[in-house]
Amino acid sequence: SSWWAHVEMGPPDPILGVTEAYKRDTNSKKMNLGVGAYRDDNGKPYVLPSVRKAEAQIAAKNLDKEYLPIGGLAEFCKASAELALGENSEALKSGRYVTVQSISGTGALRIGANFLQRFFKFSRDVFLPKPSWGNHTPIFRDAGLQLHAYRYYDPKTCGFDVTGALEDISKIPQQSIILLHACAHNPTGVDPRPEQWKEIATLVKKNNLFAFFDMAYQGFASGDGNKDAWAVRYFIEQGINVCLCQSYAKNMGLYGERVGAFTMVCKDADEAKRVESQLKILIRPLYSNPPLNGARIASTILTSPDLRKQWLQEVKGMADRIISMRTQLVSNLKKEGSSHSWQHIADQIGMFCFTGLKPEQVERLTKEFSIYMTKDGRISVAGVTSGNVGYLAHAIHQVTK
């Protein structure tokens, strides 16, 4: 008998499964609304011109390929913390933070989860919004933490369940961990408004919860990086010492380069140094040190004034295209004569939209119209273009009328 006779076939990844089925479809009108990557208005992958310029500058320098330190490229870490917390952040100025480079957002989450598993002595309990990004559960679970949920999305309004969220958060046991999406909540596209964030912060402070922020879409949600980081900065201003995961996959289009950062805001600079030493001890047996190329690209963009300015315009361009596709989809549904209210599609923010379509309607869209999405009715608005938005609206109307 074999060593691995007892190993069962695992379930396929639900999102990658959508892409596989899409690839097999021969219909010329087919649409893939499952994939979490930006597409231009011709439906093609998009490399930001600022990224191309940064790559050219890096290539011209003929740099070596030596190892980075365990914590990553120093100037990248500093620039990432400034981008997230704001250049005038008191936490930055007083040096009471530590930022390490990570293998994109997933790697940052896992480093954070591993650190909590080892050093957060108060609780094993992590509370995720319901629903949350599918990968959050295995990341925290595999790091040895216990998962729970708090209400977040209201299927009746396709919006934020503020009453349910505040009620559930108020009942979370003291000194537990709460995960918060900083902006462009994935998968729902539903974010709290600033006044609602203030109420959440009050409860987090009152219950002495540890706030764990995941910010995968800074700049990509509203088109304004400062606006998208508002909640994180507000929490820190309120004296809540958070940790934060950043990803440059979406906002710089550096998906396959795996560029991210993990930041811990501490009580003082001495605590930050101690935390940093332990983060390095966790990282070393995971992957020794992070990859070089993507961090160089991001760092070059963030630290050169001209490139940074160009990049901010390009991020706004991507965000604006997505916002415009949302409004076009809503107006096309009205044109089709749909009697349903689709306003939530325009109200939600970021790459993803929770349409409110039921699993059987999703199935019909795939079978009858070759439109692919996950069963929960989540669509990637990045897959919608001015060329196919009319077809999508027609198809949605057909399965919902």
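The backbone N, Cα and C atoms fix where each Cβ goes, glycine too.
Database features (Swiss-Prot):
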- Gly36, Trp133, Asn186, Arg378: substrate binding site (BINDING)
- Lys78: N6-succinyllysine (MOD_RES)
- Lys78: N6-acetyllysine (MOD_RES)
- Lys93: N6-succinyllysine (MOD_RES)
- Lys130: N6-acetyllysine (MOD_RES)
- Lys130: N6-succinyllysine (MOD_RES)
- Lys156: N6-acetyllysine (MOD_RES)
- Lys198: N6-succinyllysine (MOD_RES)
- Lys273: N6-acetyllysine (MOD_RES)
- Lys309: N6-succinyllysine (MOD_RES)
- Lys309: N6-acetyllysine (MOD_RES)
- Lys334: N6-succinyllysine (MOD_RES)
- Lys358: N6-acetyllysine (MOD_RES)
Largest tally of Cβ atoms lying within 10 Å of a Cβ, found at which of the recorded positions Lys198, Lys358, Arg378: Arg378
Most crowded position, judged by CB atoms within 10 A, among Lys156, Lys334 as modified residues: Lys334
Asn186 (substrate binding site) and Lys130 (N6-acetyllysine), distance between Cα atoms, whole Å: 11
Distant-in-sequence Cβ neighbours of Trp133 (substrate binding site), under 8 Å, six or more positions away: His181, Asn186, Pro187, Asp214
Residue among the modified residues Lys130, Lys309 whose Cβ has the most other Cβ atoms within 10 Å: Lys130
Cα-Cα distance linking Arg378 (substrate binding site) and Lys273 (N6-acetyllysine), given in Å to the nearest integer: 42
DSSP three-state assignment (helix, strand or coil) for Arg378 (substrate binding site): strand
Residue from Lys309, Lys334, Arg378 whose C-alpha is spatially nearest that of Lys198 (N6-succinyllysine), among the recorded positions: Arg378
Distance, Lys78 (N6-succinyllysine) to Lys93 (N6-succinyllysine) (CA atoms, angstrom): 11
